[in-house]
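Taken verbatim from Swiss-Prot:
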{"type": "ACT_SITE", "residues": "94", "note": "active site, proton acceptor"}
{"type": "DOMAIN", "residues": "100-339", "note": "domain 'Radical SAM core'"}
{"type": "DISULFID", "residues": "107-344", "note": "disulfide bond"}
{"type": "BINDING", "residues": "114, 118, 121", "note": "[4Fe-4S] cluster binding site"}
{"type": "BINDING", "residues": "168, 169, 200, 222, 223, 224, 301", "note": "S-adenosyl-L-methionine binding site"}
{"type": "ACT_SITE", "residues": "344", "note": "active site, S-methylcysteine intermediate"}
């Protein structure tokens, strides 16, 4: 049985240098190899013309460059593109490309499904299967860059920003997310600045503390409620790490970080008559008084079977005005890609749920139906 080849997309620069040293090659070759992979989009060692033939043969014998394949894509009327990415065993994750006048953002997934159970999120309703590997995370960027055209082909960087806001909770896959973000930041990798790579979390406090010790990227936090009572329902991990504990961890991260320019991005999905009253806006403003932040108000994007509705524009406007009375920076996020179910909270993919969450939900619904009949 032949030895499984090492996928170079799984290795950040230190990892690739260590591999080359173990192979008896000079570590500086790692920079050259990474440039071929991430700047030129090369997956064939024979195309790496500044590496000698013997080394190319040695690499081909032990290594490979394999990214997950795009199985399908949909393009929205606003230019947003949602990609279905095959990660094996009949499973898919979703990745979303969002073009704007001054940037091109890719929303990247970190897990097959999600281990958290946020009640307003379509991904959460699908259950959870596993963490994505480093190559499956950076492979989303690599594959979409191929689709759009690499910088060396087009003269322009196809993706200027990456947000870890796709399927999954990134901090529950820290071992793979950190090396993947290292590749995003590395000048020999995708070469993005630390302010252009954003990790979004629902509040895994111990992992957030670890994150601040190993990497500096922009941080976004999913709050969605102004108090623990409501957040326990909307974001159940709050029962383990309540708001004050989460906010303290955010402040600790900000003390270590330069990428955030001293403030965190707070995400707050607007659910009609659930978390969008003016009283709740006052409560949220007071909650955040000691945590420097920019607040993104996100109109809820309904999905089939969702128990919530989207707040009206007038309720969102009133909520925003209250927050601004406290001198808070508030942005009402423009919904992108909702006509192809690519908007915030709508990503679902194709998941073999190991938690049996979806099956349990369907059984409960059928039992309710039988009782009512």
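Just so it is clear, glycine is given a Cβ too, placed from its N, Cα and C backbone atoms.
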Between residue 118 ([4Fe-4S] cluster binding site) and residue 223 (S-adenosyl-L-methionine binding site): CA-CA distance (Å): 11
Residue from 94, 107, 118 whose C-alpha is spatially nearest that of residue 200 (S-adenosyl-L-methionine binding site), among the recorded positions: 107
Cα-proximity to residue 169 (S-adenosyl-L-methionine binding site), 10 Å cut-off, over recorded positions 94, 114, 121: 114
Neighbouring recorded positions, C-alpha within 10 angstroms of residue 121 ([4Fe-4S] cluster binding site) - of 94, 107, 224: none
Using Cα positions only, nearest of the recorded positions to residue 114 ([4Fe-4S] cluster binding site) (94, 168, 222, 224): 168
For residue 121 ([4Fe-4S] cluster binding site), the number of other Cβ atoms found within 10 Å of its own Cβ: 26
Cα-to-Cα gap, residue 222 (S-adenosyl-L-methionine binding site) vs residue 118 ([4Fe-4S] cluster binding site), nearest whole Å: 10
Closest of 118, 168, 224, 301 to the residue listed as 'active site, proton acceptor', Cα positions, binding-site residues only: 168
Rounded Cα-Cα span from residue 168 (S-adenosyl-L-methionine binding site) to residue 107 (disulfide bond), Å: 12
Most crowded position, judged by CB atoms within 10 A, among 107, 222, 223, 224 as recorded positions: 223
Alpha-carbon distance [residue 118 ([4Fe-4S] cluster binding site); residue 168 (S-adenosyl-L-methionine binding site)] in Å: 11
Averaged pLDDT, computed only over the residues in the domain 'Radical SAM core' (100-339): 93
Length of the line joining the Cα atoms of residue 118 ([4Fe-4S] cluster binding site) and residue 224 (S-adenosyl-L-methionine binding site), in Å: 10
